[in-house]
Amino acid sequence: MRTLWIMAVLLLGVKGNLLQFELMIKKMSGRSGIRWYSDYGCYCGKGGHGQPQDATDRCCFVHDCCYGKVSGCDPKMAFYKYSSDNNDIVCGGNNPCLKEICECDRAAAICFRDNLSTYDNKYWNVPSETCQVESEPC
């Protein structure tokens, strides 16, 4: 029970419907999104500034940009419909906004999978000074 409470606290204040996104990341990469990507580089986790540190961090940068383009619903609170088929995620439902959020999460999960080899522990919990340079545009 204590583990569930800690997980719930960790999920507070982080972007997106984390449970669905977490499941997508786990399905596509075999890794826990919370454990591996919640505080990585300049963009993985809450907020994002500066230059992406590597291809994995760029996945988070692109995900942030994707969320920034969504209009008509809140990516931070939305629950969408999706299914997993073999090694892919299929976004469903009739709501275009929710489907767009799902596609943002799907693309990030695939990006994490495709860039597993770029993950470098030196970018875990980087000092905030590392991410102070001006961000590139989406």
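Note that the numbers count up from 1, one per residue, in the order the chain is shown.
The backbone N, Cα and C atoms fix where each Cβ goes, and this holds for glycine too.
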For the Ca(2+) site that Swiss-Prot gives with Y43, G45, G47, which of D54, D64 also belongs there? D64
Candidates are C131, C138. Which one does Swiss-Prot pair with C42 through a disulfide bond? C131
C73, C104, C111 - which one Swiss-Prot pairs with C97 by disulfide: C73
Around the Cβ of C59 (disulfide bond), how many other Cβ atoms lie within 10 Å? Please give the count over every shown protein chain. 27
Residues that sit under 8 angstroms from H63 (active site) by C-beta distance, when 6+ apart in the chain: Y43, C104, D105, A107, A108, C111
Tally every other Cβ atom lying within 10 Å of the Cβ atom of G45 (Ca(2+) binding site). 17
